[in-house]
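If you look up Swiss-Prot, you'll see 1118-1175 marked as domain 'DEK-C', on the strength of sequence analysis. What Swiss-Prot lists as N-linked glycosylation site is ASN737. Taken from Swiss-Prot, the feature transmembrane segment applies to 108-128, 374-394, 762-782, 795-815, 822-842.
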Amino acid sequence: MSTKDAHDPFATPLETITHDPLAETAGLKADYDKRAYGEANPALMGTLEKDDMANRPIDAVEEVPTTSIRKWWVRLTWFTTWWIPSFVLSKCGGMKRPDVQMAWREKFTICAIIFWLCAIILFYIIAFGRLLCPDYDKAWNLSQLSQHAGENDYYAAVRGTVYDFSKFYKGDHSDITNLQTSSDLMLQLAGQDLTGYFPVPLSVGCQSLVSDTSLALMPTANNTPLISQAIHTSGPLQGDTSSKLHDINWYPDRFLPFVKKLRKGYYVYSKKDLANQGQWRNWAVIHGKVYDLSNYLNTVSTYQTNPAYSFLDSSIVSLFKSQAGSDITADFEDAMSTFNQTYRGATQACLDNVFYVGRTDFRDTARCEVQNYLLLAFSVLLVTTVLAKFIAALQLGTKRSPEQQDKFVICQVPCYTEGEEELRKTIDSLAGLEYDDKRKLLFLICDGMIVGSGNDRSTPRIVLDILGVDPKIDPEPLMFKSVAEGSKQLNYAKVYSGLYEFEGHVVPYIVVVKVGRPSERSRPGNRGKRDSQILLMRYLNRVHFDAPMFPLELEIYHQMKNVIGIDPAFYEYILMVDADTRVEADGLNRLVANCADDSSIIAICGETTLDNAEGSWWTMIQVYEYYISHHLSKAFESLFGSVTCLPGCFSLYRIRSSDKGRPLFISNRIIDDYSENRVDTLHKKNLLHLGEDRYLTTLVLKNFPSFRTKFVPDAKALTSAPDRFGVLLSQRRRWINSTVHNLAELVLMPELCGFCLFSMRFIVFIDLLGTVILPATAVYLVYLIVTVATKSAPIPYISIAMIAAVYGLQAILFLLKRQWQYIGWLVIYILAYPVFSFFLPIYSFWHMDDFSWGNTRIVVGEKGNKKIVAGTDDEPYDDTMIPLKRFSEYQREVWEEEAAAPSMRSGMTGASGPFGNSQAILHSGPPSVYRAGGSAYAGSVAGSDYGAGLGDYYQNTNVLQKPAHSRQTSAAALSQMGGSQAASMMFGTGTPSVYGMAGMGSMYGMPGSSASMYGLPNPMMNTTASMYGLPPMLANPLGANHSPAHSDIGVSMPVSQQNTGGSHIWAQPPEAATVAANSGRGSGMQARPVSTLSALNATNPFGVTAVARALAVNEASDPTDEEIKSAVQTYLANQPSLMNVTKRSVREALVAAFPNAELSYKKSMINKAIDDTLSGGAQA
């Protein structure tokens, strides 16, 4: 057995297979590509796989190391859910598998953490302050009391207590003859301290100290009541004996019991007010209570000869005189300690009953203030963050107009279940971009043979019909490894390529259709969006490193390099666009221009708005959210160069660095992390299955922290938002859960810029906290509205200020940007706020484990390393099933083997397989067979006879019958007129141009036989060219000729128009040259197409293979300016193409030519010499 066979799992000869599962299709003739599939027929792949894996132990236990964070999380999970037995989850919850049960436990733990976090926050904001300061909302000072002076809000204070007289003051409650009260008179007293209007008889208030009922205090001028008829004098001093006030016990027996029902709280004084009024009031603080002896001292002073008025001890009175407005508690206790218990009690009762006027404002104490200060600190922090985001978004100025860029860009579009209208909109918008058509490639990946809801065809068929691909084109599926578990890692896909014309734009495209294994029945080929992204990323990575490739990747390489005519290594950027997104015409150019200006940008995104804003109520509530999420969050993060969420619907990634060509987006680090197959934990499920686009951004930031991710508001795209609540619910479930898990990853990432609170990690933490407490925010807002509406508590000015700051700054933002329509969208968004902040998060958190769990691996242990056992119901898979080969080796083998090998179909020299003849379509039938219903668009190699045996390859191919013909090549349909392009446009024949010019060369007017599409003749190369006019991919490098009568493409190709030399990037094997010389000119067969990077000339912008002669070394240490200018002219004159020459490369060449000279200070002179030479101003 050869070395190749030893490593080839499909080396089993077909003769050893006794059963043909497709024997009923024996009448159909087709063959398969052994180089792409190995030695096995793809239709029998399932049988061969099982035979190959028969000796492998299927129940082998695989140990996966567990991180310390994972171990601690598992402990916390079990600590939280220990009281829920596993058999309950199995019996009641239907969760039979341990990994599903563990995910439910993790979900429950996360929901419990979120619940307690929300509860703690609500408790702290609403209830914690009440526990620390129970009567915080039951105290009023003079200014606060004066606010309750309305007809329906009538508050007043009497002896340190606030009462609500709103339901009392309107009635006539006077029983004094000829004295009536009115509501107007009563309103004059609202919101005031009415202590002076309710004097207490001294014989009642100070029973043990005063016995004379005729004694009364004389108020000072400042304490004299202004409305005399409102004074409630009781006892013998009341002149009207018929009034109830004549009763000396009216105050304690009638008044106090009545107002007790109206009590609201305390009347308080601040220490500042006490000190200020202490200049004219003799009051002081004792044990937090305020006593006012001003009227007493005024009375004593007035009646100095009557000792009955001096009923208080002089030691007590002297304290009020000497320390007015101060706290005299200590001195008061010292004075009271000299009294006996009876006199001490009588004195204290007298002070409380007659001279008590209120309390010190306890709300100013540390116990009551600590919560407010903490809330204020958090509020300032949040408002500062919002203000910073506002300033970041406030980028006023004129809209920039960058120059047209010339970088090569791949526009990747993953397609799943979208409808024809959405797909056409996306494809047309990309084709119509104001960007050089030759430098953009539409790369569409159809994720499985899926028929979307409401579609009458599968998604791949819709895509191919839009592009104009002939339904008869049926390429053979090729193997590649998918991102999946178990046997689903083996996948098959078909490749189509061609040109798509839209409104004058002619853009190349490649369509990859994942079709799956032959045994797949449910959603064949579908592996998810992440697999589609990895497919392209891994392919470009292998192109960059010239690494061994899967058969599918080899075919894509061939299609890009030999059919489309552009080396895949030329592409510098990947534009990722969803299949329901429409990019504005200048969007791509703006993104590329920003990346070209700043080489440190690794990824960039633009603004995404809604294309169906007024589609339904559910779309309208999303308009404002989309706008703010871009212009606040992303604009702010962009200032730090750390946009944490680049939307998958419209983002541009840099493939390699601009200085040294290091792989960036296609680096092994990103691909290895992003292509994780074992997604068996809740965290990984949310990262890789729900939020793959966001996690991709996280990986970019994690692996390349020195590079920047940016947001450009000028680049715009429009996407379709969910217009039904069910779809919105599903989308937000994915978004919210993936946001939580991705932010948790970013919080642990020390590479983010900044330090401590001044860092992106802190901003990420704030975003994470804000996401998980969204339900608490909604509940608090409801509480706030109810509190303010019912006036059951003081107005929370801090909370209202925060809300005003958040939405006020947002309103200022779109008003300054003159986006007036967002005023209405803001109102709609506020109305729908409960949906976004409460219902959707609650639903999302509880359905965090809502996945489709595979059955390939079952977790059997969580202690130490995780042990995983392969499921016995899964088909076996091993990486050795898929052959790998470098493109250069593969191509060299093709040249060596097929140049001399007879074709299975016609016996003529040529190549079959993915790199077979791209021009000749070998068939024994007449040429007319290939002219009917043709298309100008090509797939990869066809899997069945052209026009016969159509349908599914696995169903319609008899793989055991010896094939009589070689399969068609990928350019089979280029011979026909179909879609939007004619065959003559593709092959540069001598036929008249469809644009009315003399004759067609290449598609874009590069080297051709005559005038190109754009009228650029090329006298240097008298041959046909590639799709883009590069060296002729469809020319005959071996000198073969096609006769007009029997030309496979139905056009005349004179010998003079064919390249008999065949310059190409690969050295032509001597064997191929010999065969070419002996093949004859009438064989009707062309050999391998030549490279797109050959036969360079001045009009070939892509030619880079010709090597320019190096400048002669000059040992002078101080060369003259003339010598330098001469060297510049010589270097530029030796360049085969100036398209890839930069000023920097010229300067580097000069540094090498003058090794002993210091040329850095002559940079400006060198640049001027370059400009003069290119403009023709320099003299040779």
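From the backbone N, Cα and C atoms, a Cβ is placed for every residue, glycine too.
Here the structure is a predicted model, which means the values were calculated and not measured.
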Does the transmembrane segment (822-842) reach the transmembrane segment (762-782), going by 3 or more CB pairs under 8 Å (6 or more apart in sequence)?
yes
Summary of DSSP states over the domain 'DEK-C' (1118-1175), given as helix, strand and coil counts:
40 helix, 0 strand, 18 coil
Please report the DSSP secondary structure of the residue listed as 'N-linked glycosylation site', reduced to three states.
helix
Across all the protein chains here, work out how many other Cβ atoms are within 10 Å of the Cβ of the residue listed as 'N-linked glycosylation site'.
27
Pairs of Cβ atoms less than 8 Å apart decide it: which stretch in 108-128, 374-394, 795-815 has the most with the transmembrane segment (762-782)?
108-128
